[in-house]
Amino acid sequence: MASIRELHQQLIKKERSAVEITTEALDRIEKLEPLLHSFLHITADQALESAKKVDAKIAAKEEIGLLEGIPVGIKDNMCTQGIPTTCGSKILENFVPPYESTVTQKLKDSGAITLGKTNLDEFAMGSSTESSGYQVTANPWDLSRVPGGSSGGSAAAVASEECVVALGSDTGGSIRQPASYCGVVGLKPTYGLVSRFGLVAYASSLDQIGPFARTVEDAAILLGAIAGYDPKDSTSLNVEIPDYTQFLKPKLSKLKIGIIKETFGEGLDPVVADTVNQGVEQLKKLGAKVKEISCPRFRYGLPAYYIIAPSEASANLARYDAVKYGIRKEADTLMSMYTTTRASGFGAEVKRRIMLGTYALSAGYYDAYYLKAQKVRTLIKQDFEQAFEEVDVLVCPTAPTTAFKAGEKTDDPLSMYLSDLMTIPVNLGGLPGMSIPCGFDRLGLPIGMQLISNVLREDLLFQVAYAYEQATDWHKRKPPLPQ
């Protein structure tokens, strides 16, 4: 499937209609879903109706925006009015939101065509999309492997060309890690740049919505459409949103890039290390000045995250009590209704994190765990602040390995958690981070390179990512799927 700008040109030149583009995407979904299981809900009728409206505008010689008529996928933890929003959980299997999230409303207003809701780890808690209460999504590059998580459905849908772009959410790497595993571009914006209103909360101080795309330009276009201040979100930043495509330049002269020393240590697959180092060499050729940077507290990100995030989750998920929405298991007393419903509605990983968080917040352990984790978070932020006094952009691997086999880590939570080792500190710092394809391993599995910039410096990420993309062809490779 073509890029956003290419499809836009085809539409305005009347080479193709929006209905034709939408039908092509829906046909591809129908063909690939038995293999991939990327989507939980497909909204074919609404998509075709929206496409007809775009075609009517074109027929009336009205101008159309860049996203009008462009097929998109939405992670199923963003509320969509009249369309099921399950968060990949059985506890919300019958939930149809009465309102629209800010980001999906912005996409509607931009004329984008929503094809459906994509699969995810239950309540976005996971790194493989295997904890979904409904289905396991496959990696388009190797159907026996995971697409990453928690936004695995969106990553797989974009990589397999079921849709042009998609939205995901990122709490500890849930956009960037699956982007790496699936060989696409994935961006976690600065915390507060994109409204969280209507995003079902996992860890409110860490969650952020962002784009998946096959090209850097498409990611820039999609971010421009969803970013911006929202009075409905108290953490929303009131800043001017630029046209991010203006930063897409092919050279990197005078740009200073830092390689995070601590990310090239124990646990990193040597092939991933070599591939990312080759990516760094390419950045040098493009004119960037590269130096090694130390972020000594980076390695404490994982344990701090797995106290802070579950603590916030234990509070956020207390609302699922079977009273106003979601499934309800009948019982003799109110308390037993709560416990029976939650016991049957939540999956194992969600229960594990609720228990972890409740323990960390309990009276006897609050200072020893939660408060200490927040202090570590502050130290990690200080590491980043010091690094950005010396360089413009930081570079490291997105994930320690390529995609692992389905079922390989389901019985070993710690091993699963380690796949977010490189991405978690970025969320703790509230910084923007982007994964871009930078090569493949011997099995033909994609490898991602992570770019990190200071708060609200997405412009630098787009500049570096675009220059690298234009000098390489990794983003042009396609997974071995039926065409």
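Glycine is no exception: its Cβ is also placed from the backbone N, Cα and C atoms.
Neighbour density for K75 (active site, charge relay system): within 10 A of its CB lie 32 other CB atoms from the protein chains shown. The active site, charge relay system annotation in Swiss-Prot covers K75 (among others) and rests on sequence analysis.
In the structure as shown, the Cβ atom of S150 (active site, charge relay system) sits within 10 Å of 36 other Cβ atoms. Feature annotation from Swiss-Prot assigns active site, charge relay system to S150 (among others); the stated evidence is sequence analysis.
The DSSP secondary structure for S174 (active site, acyl-ester intermediate) is coil. Using a 10 Å radius centred on the Cβ of S174 (active site, acyl-ester intermediate) and all shown protein chains, the other Cβ atoms total 37. Taken from Swiss-Prot, the feature active site, acyl-ester intermediate applies to S174.
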Three-state secondary structure, K75 (active site, charge relay system) (per DSSP): strand
Inter-residue C-alpha distance, S174 (active site, acyl-ester intermediate) and S150 (active site, charge relay system) (nearest angstrom): 5
